[in-house]
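In what follows, a single structure is set out as structure tokens and then discussed.
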Amino acid sequence: MESLSNRKKVLEQKPMSFGERIYLPSILTGLAITFKHIFKKRETIFYPEQERPMSENWRGLHSLKRDEQGRERCTACGLCALACPAEAITMTAAERKKGEENLYREEKYAAVYEINMLRCIFCGLCEEACPKEAIYLDGPFLEADYVRKDFIFGKDKLVEAPLKS
Amino acid sequence: MELAFVIEKFVLVTVIFLITLGIAAYSTLAERKIAGYIQGRIGPHRAGPGGLLQPLADGGKMFFKEEIIPSESNHFLFIAGPSLALLTASIGSAVIPWGKVLTIGGRAIELQVADINVGLLYIFGVVSLGVYGVMIGGWASNNKYSLMGAIRAASQNISYEIAMGLSIIALLMITGTLSLKGIAAQQEGFWADGWFTWNVFKQPLSFLIFIVCAFAECNRTPFDLPESENELVAGYHTEYSGFKLGAYLFSEYINMFVSSAVMSTLYFGGYNFPFMNDLGLSDNVIALLGIVFLFGKIFFFIFFFMWIRWTIPRFRYDQLMNLGWKVLIPLAIANIVITGIWMTVKDLI
Ligand code: SF4
Ligand code: SF4
């Protein structure tokens, strides 16, 4: 039958010829190939000093954003938690008190906002679901840690640093 | 025995021993560097300029690691195993002629620790003793995996020793001596009487078998089954940690150095180099240059060992045994026969 891609290869099952069976020619070819590699370009990136440039749509650690006046954008609507296929996000909503208008943008805010980084699959659906543009996956890598509880990131690790005035 | 002789030999032994250790230590670095280069990486480069202090760092790490001796093991033999491996690896260099005679102040100094006329037999004896280090290590660990690994390693070493011994016989037939010094001296220069003097040109098949067996004896890829930790649980050194494991690994590098030296001496003319007698240099300069050339050949072989390691995968165990018994040994015997016929015919003409 005509093959669709024209890349079909018929499997050869002929017994090896004498030249193939003494292996030495193929070993010499292999040696030549590895020797050539000695002079090729090195791909090493010296990690702590040098970082690999990430692609445009790289999804790293989450961060909860603030608006232009330094208030937290998140309104604890729970859409991100709903969108999350890994059920990694949990939050507790609270009502904004008098005098806290400079802290939270809406009347409702997340008193507790936690992402379990061991569950998160970095799909970015929370980012897409958020109506307030409050959550972005624009952080660095997830770092290693020793105990599981340290992988549950609370607001202390997620919320952006306050604006400097 | 005069005092000067004793001092001279003592200095020579010390120097050779230190050089052996140094080369073995830096082979570990070279191996990692070459592996890196072949795979498009850099290799170790943090310790010292270009990673030059890496062997020291590795050594320090080995020393300060906790050493565990399994409680049910035979403690004496457990320690004896790696020591024996190190010892047998390093005494092989005693019979290698490192250069021609140096004349200093009217005294002719042989650059060889011991010129025994059965030098080659000595090497083979030492090599076969090396199996004990592995065997004892595996047995003393009191661990079935280690024991099986040790048996695997020992049977590999023994089978390849036979092929190695047979391959060397064809060489001995044309050299007519067992003394390494004699063999090196016969390969004087590079070209004489319209033919190459180096034995590799006279006995290529013997060299091929010898180098394959040398790879197997040093437990180097593609014959490094004793070390395949990922598929065969490492084998004889499973229970070893810290410096005792270091001793086993280090002895592998010493073995590599010594067998490179033996191969250079037996087949590649040892300290001889092309046109050595046509340059009009004094004897001492030629002797010194000879040392340089010998080490050049040795370094090439060490590089070759590593080059092979990062090129071809390891054998399966039955393939390894098949190659040893069904291919190399018959080939070696055939080579002996061919050499015999050729020598008889040459005598008749
Ligand atoms: S990136 Fe995906 S898995 Fe991770 S928290 Fe957001 S929605 Fe959940
Ligand atoms: S991050 Fe966005 S989607 Fe999630 S609770 Fe806050 S506002 Fe709603």
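Cβ from N, Cα, C; glycine included.
Nobody curates TrEMBL annotations by hand; they come from automatic prediction.
Taken from TrEMBL as is:
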TRANSMEM  B:6-29  transmembrane segment
TRANSMEM  B:76-99  transmembrane segment
TRANSMEM  B:119-141  transmembrane segment
TRANSMEM  B:162-184  transmembrane segment
TRANSMEM  B:196-216  transmembrane segment
TRANSMEM  B:253-273  transmembrane segment
TRANSMEM  B:285-307  transmembrane segment
TRANSMEM  B:327-345  transmembrane segment
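Segment contact is absent for the transmembrane segment (B:196-216) and the transmembrane segment (B:76-99), given fewer than three CB pairs below 8 angstroms at sequence separation of 6 or more. Between the transmembrane segment (B:285-307) and the transmembrane segment (B:253-273) there are at least 3 Cβ pairs closer than 8 Å, counting only pairs 6 or more residues apart in sequence, which means the two stretches are in contact.
The listed stretches are B:76-99, B:119-141, B:162-184, B:327-345; of these, B:76-99 has the most Cβ pairs under 8 Å to the transmembrane segment (B:253-273). If you look at the transmembrane segment (B:327-345), the same-chain residues 6 or more away from its ends with a CB under 8 A from one of its CBs are 160, 162-163, 166-167, 169-170, 173-174, 203, 205-206, 209, 212-213.
Within its own chain, the transmembrane segment (B:119-141) is flanked in space by residues 70, 73-74, 76-78, 80-89, 91-92, 94-95, 147-151, 153-154, 157-158, 161, 164-165, 168, 172, 178-181, 183, 217, 226, 235-240, 248, 251, 255, 262, 266, which lie at least six positions past its ends and keep a Cβ under 8 Å from the stretch.
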